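Each remark here refers to the structure printed beneath this line.
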Amino acid sequence: MGEYIMEKNTIILGIETSCDETAVAVVKNGTEIIANVVASQIESHKRFGGVVPEIASRHHVEEITVVLEEALKEANITFDDIDAIAVTEGPGLVGALLIGVNAAKAVAFAHDIPLVGVHHIAGHIYANRLVKEVQFPLLSLVVSGGHTELVYMKEHGSFEVIGETRDDAAGEAYDKVARTLSMPYPGGPHIDRLAHEGKPTIDLPRAWLEPDSYDFSFSGLKSAVINTVHNAKQRGIEIAPEDLAASFQESVIDVLVTKASRAADAYNVKQVLLAGGVAANKGLRARLEAEFAQKENVELIIPPLSLCTDNAAMIAAAGTIAYEQGKRATLALNANPGLDIES
C-alpha cells in the first residue's frame, strides 16, 4: 500500500498597521483564518474628524504587542509554527507603517522566521481568497479611503492598474460629504445608512471622463455637494439630508459599477472582486450584485464586512502568495508610504 504523504500546511502571521487599525492574524494556506485580531482607533480619531497620524502611531506602539500575543493565543500556536511573517510595508501613514514593519522585523530576527513585505491594496484584493479561490484573469474593484482603482490580474502576484482616481478617492469624498452634513467620522457608513432613507432627487454630476477611460474622479462631485448645501443655506432653503446622501451615493455607485462592468467585459475576466473599506457599503454591494447577476460568465466575489476594513488576515493571505513565489524581504525592509502595486 502506497504511503500517504500529507502536504505541510503553510502558516503565515500577518501584521497590518498602515492607518488606524492595529491588526495581527494567522492564516493557513492563504485561505483559512486561524486568528484575526483587530484593535480599532476610531473612537480616538472621531473628535478630530479624521485620522491624526501622530495619535495613530502612538496607539500602534501601545497595541502591537498585545494584539500579537492575542492572535498567537487565539490560533493556539507558537512562533515555531510560523513559516513566514507578512507585513504591510506601504502605502499608508509612514509613522504607522513603521510600527508594524519594525515589529515584524524584530519577531523575524528573534525567531529566525522569513519576512515578506506586502502591498496594502494587494492585501485588500487577496481578502477575497479567504472567501473563495480566485480564478484568472480577474478584475478587482478597489474602493477605500485612500484608493479607488480597477486592478487587472492575469496570475497570482501580478497587478495591472487599468483605472484609478485622478483626484479624491471615493472614501475620501464620502468622509468630506459626511462632514458637510455634520456627521461623525468615519462618514461612509453614516452616508450609506442615510442614503437608504432618502431618494436621489438632487441632480449631481457623474465624471465619466474620456469614453475609453477606466479612471475615476470624485472631486467635482464632492464640490457639487458642498456647493448645493452652501447655496441652500444662503437662500434659506431646506434640503433633506437623506435625499442629498442618496443622490451623492447614487452618483458614486453609478460610475464605479458602470466602469467595473465595462472593464470586466473588455478584459474578458472570469471573476470580479470587490475590495477595500468602501466595499462594506450596502448600496455598492447591492448594485454590483444586480449588475453581475446579468453576466453568466463572470463570478462576483464580495468579502464579508469584517474583511473589507483593514485587517491582517488579508495581509497574511497576500503574503502567502508572495512567500510561495519565493519572495523574501531582508531586515533592511522599510516603510514605504508611496509604494506602487505594479512595482
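Cβ coordinates are placed from backbone N, Cα and C, and glycine is handled just like the others.
So that you can see what the record holds, here are the features copied from Swiss-Prot:
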type    : residues                                                               : note
BINDING : His120, His124, Asp310                                                 : Fe cation binding site
BINDING : Val142, Val143, Ser144, Gly145, Gly146, Asp175, Gly188, Asp192, Asn281 : substrate binding site
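Locations of recorded Swiss-Prot features on the structure.
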| residue | record | Cβ contacts under 8 Å, 6 or more apart |
| --- | --- | --- |
| His120 | Fe cation binding site | Glu16, Ser18, Thr88, Gly90, Pro91, Gly92, Asp310, Ile315, Leu339 |
| His124 | Fe cation binding site | Val142, Ser144, Ala275, Gly276, Ala279, Met314 |
| Gly146 | substrate binding site | Cys19, Pro91, Gly92, Ala169, Gly171, Glu172 |
| Gly188 | substrate binding site | Gly171, Tyr174, Asp175, Ala178, Gly277, Val278, Ala280, Asn281 |
Residue among binding-site residues Ser144, Asn281 with least C-beta crowding, 10 angstrom cut-off: Ser144
Sorted by sequence, non-His120, His124, Asp310 residues with Cβ within 8 Å of centre, Fe cation: Glu16, Ser18, Thr88, Ile121, Gly123, Ser144, Gly276, Gly277, Asn311, Met314, Ile315
Site extent for substrate, whole Å (max Cα pair distance, Val142, Val143, Ser144, Gly145, Gly146, Asp175, Gly188, Asp192, Asn281): 18
Collapsed DSSP category at Asp310 (Fe cation binding site): coil
